[in-house]
Amino acid sequence: MGKKWLPLESNPEVMGSFAHTLGLPADVGFHDIFGLDPDLLAMVPQPVHAVLLLFPITDKSEALSASEAAVIEQNGQTLSEKVYYMRQTIGNACGTIGVLHAVGNNAEKYAFAPGSYFASFFGKTKGMTPEEKAAYLENDDGIEAAHGSAVAAGETDVPSLETQINLHFVALVHVDGGLYELDGRKKTPVYHGATTAETLLADAAPVIKKFMDVAEGDINFNAIAMAPFQ
């Protein structure tokens, strides 16, 4: 990766302000997921439109990713043409790409304000390949500035560009009856089985647990739901 940004904080308020600035409707926001037990999942506003997961990159998580990629390469997978997916070519841009994946796979639900960033970005990139979307993002000064403002609004100390960051965001979304993991580092989305708009959060919980199982004791996890305010 050539260009490098500072990492976006995994914080519902920061992400919500960032996404609303770009054109997310005011009645949709980001909400903490406090745990994966059913009673804790029930505290999250429904229906959940997407889940953003921040997890630690470990040797075991990378091995799991490589194993999944090998199975997909050999056997193929269910992959809807409706999935909005882009590659990541900018260092530390995974938070912004996670937001774009979350919003982009729900764009038909939202009435973006004419002239908003999201209206323009998704209108222009809808027919592009994942690699073309990445190139478009890399040359987009507007979202780079918005990302920088969101980083500055975070509550934690901002690291230097030279700091090695071993945390990564992925998005979990429902598209066309399927649950997809969207990670811009990977060649393709990863299909995790069937789901519905109503059961996305419950169905995402076992996927999140897979990430936790390969964390090698690292507890730097955070899960955030994108859902309507109630």
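Yeah, the Cβs are placed from backbone N, Cα and C, and that goes for glycine too.
All TrEMBL annotations are machine predictions without curation.
Now, the feature entries from TrEMBL:
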ACT_SITE  CYS94  active site, nucleophile
ACT_SITE  HIS168  active site, proton donor
DOMAIN    4-228  domain 'UCH catalytic'
SITE      GLN88  site 'Transition state stabilizer'
SITE      ASP183  site 'Important for enzyme activity'
For this session: Give the helix, strand or coil assignment DSSP yields for the residue listed as 'active site, proton donor'.
Result: strand
Seminar exercise, completed: For the residue listed as 'active site, proton donor', the number of neighbouring Cβ atoms whose distance to its own Cβ is within 10 Å equals 21
Exercise. So, in DSSP terms, is CYS94 (active site, nucleophile) helix, strand, or coil?
Worked result: helix
For this session: Tell me, in order along the sequence, which recorded positions from CYS94, HIS168, ASP183 have their CA within 10 Å of GLN88 (site 'Transition state stabilizer').
Result: CYS94, ASP183
For this session: In whole Å, note down how far the CA of ASP183 (site 'Important for enzyme activity') lies from the CA of the residue listed as 'active site, proton donor'.
Result: 9
For this session: Take the domain 'UCH catalytic' (4-228) and average the pLDDT across it for me.
Result: 92
Seminar exercise, completed: Counting Cβ atoms within 10 Å of each Cβ, the densest environment among the recorded positions CYS94, ASP183 belongs to CYS94
For this session: Looking only at C-alpha atoms, tell me how far ASP183 (site 'Important for enzyme activity') is from the residue listed as 'active site, nucleophile', rounded to the nearest Å.
Result: 8
For this session: Around the Cβ of GLN88 (site 'Transition state stabilizer'), how many other Cβ atoms lie within 10 Å? Please give the count over every shown protein chain.
Result: 22
